[in-house]
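Annotated features in Swiss-Prot:
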MOD_RES   K5  N6-acetyllysine
MOD_RES   R9  symmetric dimethylarginine
MOD_RES   K15  N6-glutaryllysine
MOD_RES   K15  N6-(beta-hydroxybutyryl)lysine
MOD_RES   K15  N6-acetyllysine
MOD_RES   K19  N6-(beta-hydroxybutyryl)lysine
MOD_RES   K24  N6-(2-hydroxyisobutyryl)lysine
MOD_RES   K37  N6,N6-dimethyllysine
MOD_RES   K38  N6-methyllysine
MOD_RES   K65  N6-methyllysine
MOD_RES   K80  N6-(2-hydroxyisobutyryl)lysine
MOD_RES   K123  N6-glutaryllysine
REGION    1-43  region 'Disordered'
Amino acid sequence: MARTKQTARKSTGGKAPRKQLATKAARKSAPATGGVKKPHRYRPGTVALREIRRYQKSTELLIRKLPFQRLVREIAQEFKTDLRFQSSAVMALQEAREAYLVGLFEDTNLCAIHAKRVTIMPKDIQLVSRIRGERA
């Protein structure tokens, strides 16, 4: 075979374009033709951490006032009928109840962390109440 002289050709600047797969082409064309955009979602745990920071900063009561007041009156009915409550008495009960629950959940969280978990479970609450001596 005889040798031939090679002439220099102009470079096109890279590789030749490849054919796209059918799925990729369909995915790229879908939003352009009016596909429905997904609503924005935060990663799991982000909103939870934001809520923790928000509620730790705040001082307002978290249990609604009227449902708590109805519960207090319902429990009081079992002991004596026709009891009246000052609004400040119901507020004091609510403050005490919320403080108790916050402390309970703090200790419950510590029990879950001790068990190398991040999720609190009923057994954590039971352990806390046994350690505190509230329930034998």
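From the backbone N, Cα and C atoms, a Cβ is placed for every residue, glycine too.
The structure displayed is predicted, hence computed values, not measured ones.
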K38 (N6-methyllysine) versus K5 (N6-acetyllysine) - Cα distance in angstrom:
60
Cβ neighbours of K123 (N6-glutaryllysine) where a neighbour is any other Cβ within 10 Å:
12
By a simple count, how many Cβ atoms lie within 10 Å of the Cβ of K80 (N6-(2-hydroxyisobutyryl)lysine), its own Cβ left out?
7
C-alpha of K38 (N6-methyllysine) to C-alpha of K65 (N6-methyllysine): distance in Å?
38
Among all protein chains shown, how many Cβ atoms are found within 10 Å of the Cβ of K38 (N6-methyllysine), not counting that one?
6
Could you give the Cα-Cα distance between K123 (N6-glutaryllysine) and the residue listed as 'symmetric dimethylarginine', in whole Å?
77
Counting distance between Cα atoms, which of the modified residues R9, K37, K80 is nearest K65 (N6-methyllysine)?
K80
Neighbour count first, Cβ atoms within 10 Å, every protein chain included; then name which of K5, K37 tops the list of modified residues.
K37
The one of R9, K65 whose CB sees the fewest other CB atoms within 10 Å, among these modified residues:
R9
Three states by DSSP: which one describes K65 (N6-methyllysine)?
helix
Pairwise CA distance, R9 (symmetric dimethylarginine) versus K80 (N6-(2-hydroxyisobutyryl)lysine), rounded so that it is a whole Å:
104
Please state whether DSSP places K123 (N6-glutaryllysine) in a helix, a strand or coil.
helix
